[in-house]
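Chemist: One structure is given below, represented as C-alpha cells, and several questions about it will come after.
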Amino acid sequence: MSTLLVWKEQLQKIYARYSIYIMKALQFVLGLCVFGLINSNIGFMKAASSILCTVGLSVICAFLPLVVMVIAATALVLVHFYALSMPIALVSAIIFLIMYIFYFRFTPKKAWLVLLTPVAFALKVPFVIPVAFGLLSAPICVLPAAFGTIVYYMIHFVKMSSSAYKGDDAKSLVEGLMAFTKQSLTNKEMWVMVAALSVSLLIVYAVRTRSVDHAWKIASASGAVTAILIGAAGKIALNVHLSYGPMALSGVAAIAVGLILEFLFFSVNYSRTERMQFEDDEYYYYVKAVPKIGVSAPEMSVKHINERKEQTDSQETVLIDSRNVKQAAEVRRQPQQKKRPVPKPRNQVRKVDHARAADEILLTRSLTKELGLENLEDELNK
Amino acid sequence: MLDKNRIRLMTKMAQYEKTLAPEDLKISSYYKKDYASLNTLITAIWVTAGYALVAGLVILCNVDALLKDLTVTKLIFIIAVALGAYIVLLVTYCVCAGSFYKSRHNKAKQRAKKYYRDLSRLGKMYVKENN
C-alpha cells in the first residue's frame with residue numbers, strides 16, 4: 001500500500017510538472033476515441049470518415065477548448081446523417097438543439113462530459129459513467145449522462161437501420177421523418193439505460209456524501225448494483241435487449257474504477273478516525289475527523305564525487321579572453337609534464353643551440369673574473 | 001528590485017485577467033436585478049422555443065394516435081395539457097434561472113471587487129518602492 005501511495009505522489013509530481021502536455025495528450029486521445037467511433041459506426045460520408053479526417057480533427061481539437069470538440073462531434077454526426085438521409089439529420093439537429101437549450105446553455109464548460117457517455121457505451125462499460133460522475137461531481141451531471149445515452153442510442157439505431165432510410169422522394173422523406181422520430185424517442189432500451197444511469201448516479205452521490213466509513217467504496221458498489229438491477233428489471237418487465245453478462249462486467253468495471261478514483265482522490269485512514277463533541281451558546285457539535293494518508297515521495301539526490309569547482313561555482317555569465325584561456329591551459333599542462341615526463345627516444349640526437357651555449361659560457365667566465373672566483377675554482381679542481 | 005509579494009500578486013491578477021475577468025467585468029457592469037431579469041427573460045424565450053421543438057417531436061411521434069377519433073373535446077384537452085406542461089416547465093426554468101443568474105452575479109461581483117482591491121494594493125506597492 002505504501003508503495004502505491006509513493007507512486008501516487010510521484011504521479012502527482014509528474015502531473016504538476018508536465019500538466020500542459022498531459023492534458024493535451026488526453027484531449028487528443030479523447031478526440032481520437034470520439035471521432036473514430038463516429039466515423040467507424042456511421043461513416044456515411046466517405047470524405048469525412050477517412051482516417052486523415054479523424055486524426056486531423058483530433059489534433060485540432062487537442063489545441064482548442066473542449067467545447068470545440070463537442071461542437072465538432074455534433075457537426076460530424078449531422079454531416080454523416082445528412083449524407084444518409086435528410087429527415088434523420090433534421091430530427092438529430094432538433095434533438096441536439098433541445099439539449100443545448102435545456103442544459104448546455106447554462107454550463108457550456110461541462111459540455112464535454114456528454115462525450116464520455118457514448119465512448120463508455122461503445123467500450124461496453126456504461127455503468128462506469130454514473131459511478132465516476134457520482135464520485136467526482138454533482139447530481140446535475142445526470143443531465144449530460146442522460147443526453148450522452150440518448151446520443152449513443154440515436155447513433156446506434158441509425159447504424160442498425162441505415163438501409164431503411166435511404167430514399168429521396170418526398171413521400172419517403174416524410175415517412176422517414178416520422179419513423180425515425182418515433183423509433184428514436186420510443187426506444188425502450190434507451191430509456192431503461194437513461195433511468196439506470198440517472199438513478200445510479202444519484203445513489204452514488206447520496207452515499208458518497210455521507211459520513212460513514214468507506215463511503216466511497218459503498219457508493220461505488222451500490223451504484224453498480226443499482227444500475228445492474230434497473231437494467232435487469234427493464235429486461236424482464238419491458239423485454240429489452242440487454243444481456244446479463246455485459247451488464248455484470250460493466251458493473252465490475254464500475255466498481256474497479258470507483259476504487260481507483262478513491263485511491264487517487266480520497267485516500268484516508270479510517271483506523272485513525274477521531275470523534276469530538278463540543279458546544280457553544282447555540283449548538284452542540286458532533287465532529288468526525290478522518291485523517292488523510294500522506295506519504296512524501298523519496299527524493300533522489302545525486303552526489304558528484306569528482307565535480308569540478310569551476311562548473312559549480314561560476315553561475316554568472318563571464319566574458320572569456322581566448323589568450324587567458326590558452327595561458328591557463330599551458331600553466332595547467334606544465335605540472336603534468338613534470339609529474340609524468342615523456343620518455344625520450346635513445347637513438348635520437350639531442351639538438352643543441354650552439355650560439356646560445358657559447359654566449360652562456362662567455363657570460364659565466366666574465367662573471368667569475370669580475371667576482372674573483374677563478375682561484376676558488378682552481379683550488380676546488382685540485 | 002524584485003519583490004516576491006508583488007510578483008505573486010501580479011501572477012494571480014494576470015491569471016484572473018486571462019480567464020474570468022472579461023466575463024466578470026461585463027456581468028458586474030449590470031445591477032444584480034437587471035442582470036437576473038434580462039437573462040431570465042432570455043431563458044424564457046429559449047425554453048419556449050425548446051418546448052415547441054419537443055412538442056413538435058412528440059406530435060410527430062404520435063400523429064396517428066392523436067388524429068385517430070379526434071373530437072373537439074379531445075383537442076381542447078390535449079391543448080390544455082400541453083399548455084399546462086408548458087407553464088409548469090416555464091415557471092420551473094424561470095425560477096431556477098433567476099437564482100442561477102443571481103448567484104453568478106454575486107460570484108462575479110466578488111471576484112471583480114477582489115481584483116480591484118488587488119489592483120490598488122499593487123499601486124501602493126509601486127508608490128512605496130518609488131519613495
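Backbone N, Cα and C define each Cβ position, glycine as well.
According to TrEMBL, the protein carries these features:
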type	residues	note
COMPBIAS	A:335-349	compositional bias 'Basic residues'
REGION	A:329-353	region 'Disordered'
TRANSMEM	A:20-39	transmembrane segment
TRANSMEM	A:51-82	transmembrane segment
TRANSMEM	A:88-106	transmembrane segment
TRANSMEM	A:127-155	transmembrane segment
TRANSMEM	A:190-207	transmembrane segment
TRANSMEM	A:219-238	transmembrane segment
TRANSMEM	A:244-266	transmembrane segment
Chemist: Sequence gap of 6 or more, Cβ distance under 8 Å, 3 or more pairs: do the transmembrane segment (A:244-266) and the transmembrane segment (A:127-155) meet that?
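Modeler: Contact criterion met.
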Chemist: Considering only Cβ pairs under 8 Å, which range in A:20-39, A:88-106, A:190-207, A:219-238 makes the most contacts with the transmembrane segment (A:127-155)?
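Modeler: Most contacts with the transmembrane segment (A:127-155): A:190-207.
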Chemist: Which residues of the chain, 6 or more past the ends of the transmembrane segment (A:88-106), have a CB below 8 A from one of its CBs?
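Modeler: For the transmembrane segment (A:88-106), the nonlocal Cβ contacts are 70, 74, 77-78, 81-82, 114, 143-144, 147, 150, 154, 158, 165, 176-177, 180-181, 184.
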Chemist: For the transmembrane segment (A:20-39), find every same-chain residue at least 6 residues outside the stretch whose CB is under 8 Å from a CB in it, and list them.
Modeler: 48-50, 53-55, 57-59, 61-63, 66, 69, 72-73, 76-77, 80, 112, 115-116, 118-119, 122, 155
